[in-house]
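Comments concern the structure below.
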Amino acid sequence: GNLYVSERLDREEMCGESASCSVSFEALVHNPLNVFHVEVDIQDVNDNAPRFLQENFQLEISELTSPGARFAVGMAEDADVGSNSLQGYELETNGYFAVEVKESQDGSKFAELVLRRALDRESEQSLRLMLKALDGGDPPRSGTAQIWINVTDANDNPPVFAQDRYRASLREDTPPGATVLNVSASDADAGTNAHITYGFGKMPAKMLQKFLVDSESGTITLQEALDFEDTRGYTLLVEARDGGGLVAHCKVEVEVLDVNDNPPEITILSLSSPVPEDAPVGTVVALLNVNDPDSGENGQVSCELSGEAPLSINNMPGIPILNVSATDPDLGRNAHLSYTLLQGHPTFGHLFSINRENGTLYLLTSLDHEDQVEFSMMVQIQDGGFPPLATNVSVSVFVTDLNDNAPTVLYPHPNTTATYTDVVAPGTPAGHMVTKVVAVDADAGYNAWISYTLLQATDPSLFSVGLHNGEIFTARQLREDDAPQHTLVILLKDHGEPVLSTSATVSISVAEMVKEVLTDLTDVAPANDPRRHVTFYLILAVILVSAAFFITMLSVGIFKCYKWRQSKELYNSSRSTTYRTPGPFHHIDAVRGGFTPPNFYHQVYLTTDSRQSDLLCKKPFTSSPLGSRQGTIRNGEPGLYHQIVGTASRLPTPAE
């Protein structure tokens with residue numbers, strides 16, 4: 001009654017993909033006769049490995065694909081069922097992709113590649129990955145497939161020039177058609193995206209006419225002749241464009257080199273002709289302007305006079321500083337203007353000159369602000385009519401200050417042989433002013449501001465100097481153990497640009513009495529010092545001046561008292577007697593340069609005492625009273641004067 005397997009069983013052949021597999025049959029038994037129903041359940045064993053339908057997969061992925069994108073690579077098949085069937089996928093380790101298992105509605109599992117990091121064709125053009133399918137058997141079986149990923153190019157790289165800036169030099173006589181230089185650019189993309197064409201960017205039409213660039217090779221050639229005097233250099237903007245439309249730019253600087261192809265040009269700026277026979281030697285007869293458009297040595301000129309004449313030429317440069325301009329409404333020759341500099345001062349002719357034709361004022365030599373701050377001169381403009389008409393205009397030239405003078409030390413004097421020593425007693429507290437450095441600066445304004453700093457000292461902790469006043473103070477209290485002699489070096493700086501400086505040396509002695517210092521200085525002071533009696537003479541002079549001042553002030557006081565008493569006595573006896581001046585006088589206005597209008601003329605009546613006067617003012621009739629401490633006003637008839645009678649210590653001014 002034993003039941004045997006007569007041949008090898010194959011569950012996959014018998015049942016296929018069915019989850020369960022069994023065989024049913026009936027067994028007949030004799031003696032006694034009986035029929036049995038038999039069902040054999042055939043269990044699966046892991047005898048099949050997963051298998052991909054194809055061994056190689058080809059994928060084309062653009063390098064611009066965003067991370068997170070998914071790509072299906074199909075699924076593997078496994079004839080086994082249950083836990084022995086396909087369970088998942090594994091991907092070879094790489095930096096770009098990962099694999100995820102997806103399950104369809106029928107329960108089948110397939111693999112998806114997920115892009116984790118952006119691709120870059122320029123760094124890696126293709127990838128080869130191994131995909132493995134695994135079942136759940138023990139031991140597990142697997143199947144593999146090769147995934148070939150080709151990274152397709154995207155136009156993500158613009159062209160790049162070999163240089164950001166190119167430079168070339170051409171002589172101005174370079175013939176058209178000559179090669180200037182060659183620009184070169186590269187593109188990391190591939191195919192049409194890497195194809196580069198060259199051209200000029202947005203530039204003036206003048207440059208586009210001068211130069212030409214080859215679109216394929218990048219060679220720049222000259223199309224028209226150059227002229228250094230017209231343009232000394234060009235800056236070209238060259239662009240490189242790839243097949244995808246990306247553009248890069250570079251600059252090409254072309255320097256034009258000068259060639260000596262221009263003769264000097266001579267212009268007569270001023271000509272004084274005829275010249276008086278008594279003109280002194282050195283009188284400027286003519287001012288010439290010589291200009292050569294070339295540069296460098298090619299533009300340097302020298303002037304010489306040919307022929308015999310009592311004249312000479314020193315190539316003095318003239319600097320234009322002002323243009324005097326005038327107009328004339330006449331026509332033709334009557335409107336032709338000429339400009340002349342009237343010699344107000346004999347030295348002005350050597351300092352300034354004016355162009356007779358256009359009125360340009362030239363400076364012929366350098367000026368010094370410390371010598372003279374302002375120059376005033378008169379320019380005459382005359383037309384060409386007959387008789388000629390002329391007008392004058394005043395021109396003032398102000399000389400601005402430059403910082404060309406260093407501070408000058410007045411005390412202590414730096415060039416004297418005598419030794420100036422200041423004395424300070426031991427125990428002097430901090431903040432005591434010992435001496436002061438006195439200095440001046442010949443410049444003006446901010447250039448003349450002087451600051452003082454302590455540059456060097458025997459004991460830097462003992463003395464300090466005021467930054468703006470040069471006063472030297474004790475920084476701490478003097479002690480008995482301090483050195484008896486101190487030498488300070490003070491640095492004086494102005495505030496100009498550039499800063500100019502000088503230094504002053506100050507000697508200070510620490511002593512109880514001046515006598516001690518004088519004893520110490522006996523050896524160093526010269527015996528025949530001519531200034532040893534200066535102090536005596538100074539004291540004597542002060543005494544004499546003080547006495548003279550006192551006597552003068554006393555005399556003035558006595559005289560004032562006498563005049564006051566005399567005027568008081570004469571006041572009552574002389575106020576009724578008046579004398580009229582010969583007539584109205586004209587007041588000259590020094591400010592406006594004219595005369596006071598006739599309706600403001602004054603008539604003055606003087607009394608016997610010049611301190612008393614009557615003033616008549618011509619003005620319209622009014623009846624309004626005018627109060628005064630010492631005078632009265634009387635209304636006259638219409639058309640008559642108003643007479644103001646008062647006391648005055650001087651003649652009234654027109655404003656009064």
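From the backbone N, Cα and C atoms, a Cβ is placed for every residue, glycine too.
Feature annotations, courtesy of TrEMBL:
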- 1-52: domain 'Cadherin' (DOMAIN)
- 53-161: domain 'Cadherin' (DOMAIN)
- 162-266: domain 'Cadherin' (DOMAIN)
- 314-409: domain 'Cadherin' (DOMAIN)
- 416-528: domain 'Cadherin' (DOMAIN)
- 536-559: transmembrane segment (TRANSMEM)
| said: Is it the case that the domain 'Cadherin' (314-409) and the domain 'Cadherin' (416-528) touch, counting contact as three or more CB pairs under 8 Å in which the residues of each pair are 6 or more positions apart? | reply: yes
| query | What is the number of residues in the domain 'Cadherin' (1-52) that are helix, strand and coil, as DSSP sees it? | reply | 5 helix, 18 strand, 29 coil
| query | Counting by DSSP, what is the helix, strand and coil composition of the domain 'Cadherin' (314-409)? | reply | 8 helix, 39 strand, 49 coil
| query | Along the domain 'Cadherin' (1-52), what average pLDDT does this model show? | reply | 86
| message | Summarise the domain 'Cadherin' (416-528) as counts of helix, strand and coil residues per DSSP. | response | 11 helix, 46 strand, 56 coil
